[in-house]
Amino acid sequence: MGTYLSTPVTEKCEESGESLDCPEVPCAWGVVDMQGWRKSMEDAHTAETNILLPKAESGGGGGGGDDAPISDAKVFGVFDGHGGPEVARFCQLYLVSVLQKQPSWINEPLPTSPESSSLPNPDDQDACAATPVGKALRSTFHALDRMIDDPSRRQEIMQLRTAKPLAGERKEALNIPPPKDISHIEPPEFYKRTSMATVSIDGNSSSSASSNPIDNEDEKQKGQSDDSTATTETTVVETDSHDVDDKDNSSGDDPPPNDDSVDVEDDDSTEAIGKEEASRIDQDMMDEDDTPSKQATSGVGSNPRKVATMFQKILSLGGGAGQVVVEVDSNMQPVRPVQNLGPNARQPTLVHQGRMICNLPDHHIHAGATAIVAVLTGRILTVANAGDSRAVLCRANGVVQPLSFDHKPQQDRELTRITQAGGFVNHFGRVNGNLNLSRSIGDLKYKQVPGIPPSDQMITAEPDIMQVALLPGDEFIILGCDGIWDCLSNESAVEYVRERIDDKSPTEIGKEMLDDIISVDPRVTQGIGGDNMTVMIVDLRPSDRSWRKNRDLTSEDDVSPNDEK
């Protein structure tokens, strides 16, 4: 469960604002964050309203005429950092500016109402991503990655590790690096393989076709390939373990715990098994064959039963259960690694003494951040998500509509991408034994396999996009990091806010929520309620709230006759 403080830091940072003049969707918002039991605060957020639209399909700032109502854009985002706060803080500073510089944001008419354009089905990810705002958000996430990777910004990012931006601080994005041309780079051979083979601990195997067009084409050609050139395949992992610990288990940059911190044994530790245990597995596998010489000739994985036996023993030593990702060829033999000449991005994974290890070169920037960003253009709400932060909309009468879905390494779609990029997922659900997430901004160590586009790297900033139209009765939006959603379901979070939003401001509700869900002791709750917490509430009906009316009346009563003159 990682390292926790002996007592939590419950002081809260809050920020609030309102945009009441927007003709389509006036709103008020508040965000509250709390460090909690963690030894540092790595979350960040952004909230900016009254962003003039360069072009709008109906009315708005794109030439609707002097008498037309002025449409604006609003951007709300929560960034859950890991391995350090610097990437989350970088997103806070630059995301809005980067978004405004994207070609689809500048050059394409942005929808502001359902009547002005035909909206895609919210469940159609491809259609939502093809909208102007969807394209702008997608390119923004990847542009932030390129900026973080820019050597000229390295010092700035390192400074953000210790220098927290001021509330509401933003920066202009200058010199955004263009996308890299990889058309001349030959991708590694494993990226071209097609199918996924699953070896379970009982020795059975199965294959599942991927929905990737590349996969289908390679599957057609598999039967035509010569027996001497076996196709590389990869087993997959399915695990039920619930991991609410640190996203990154690889960085050594965290400061040593102070006197107020307590080291807790990590039940989800991804430390590789020791040499002694690995040697015992190797010896056991050798004993199961006829002679050592035959073992050396036929290989550890000469049949699926032996592969399963080996990984069953690894699992038993690690105290886990389920399936393990391991790269095998078409004959179900583990791929024998070439001589390791050091970390190599073209050889991201090695098998050493019966265990898989990460072989990616290190990167100067170790940190990363999941991102949930909501963009409101008139009455059109577009949400981009990369990772396991989350957004949810409360429609009229308390109807709950999810605006995002978590990304986890064990999911089929995520596993397919990870393994096709040469990575693996262990039985704790960690990519290459380190990250327990599959999408994020930053984490550049896992985005450097040559010849593979950014959207296909084992960890990617590629967001899922959802777009919906807001209706007159819609009530509020909640955005939060996984520290919130580990404790509350979408429905319970909406119910919590809805019970209070008439009488309390968004920041008051946020502070109360964090106090209610923080764990008394994360060592007892298996980490639930022990994470950094950030919650943002966007009230879509601020003028209807009793607390606001009472505040306005109080303000009027406080005005003296002399003040009115």
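Including glycine, each Cβ sits where the backbone N, Cα and C put it.
Those TrEMBL annotations? Automatic predictions, nothing curated.
Among the ranges 57-82, 161-186, 525-550, the stretch that TrEMBL annotates as region 'Disordered' is 161-186. Across the range of the compositional bias 'Low complexity' (107-122), the DSSP-based residue counts are 1 helix, 1 strand, 14 coil.
Secondary structure of the region 'Disordered' (161-186), assigned with DSSP and counted as helix (H, G, I), strand (E, B) and coil, comes to 0 helix, 0 strand, 26 coil.
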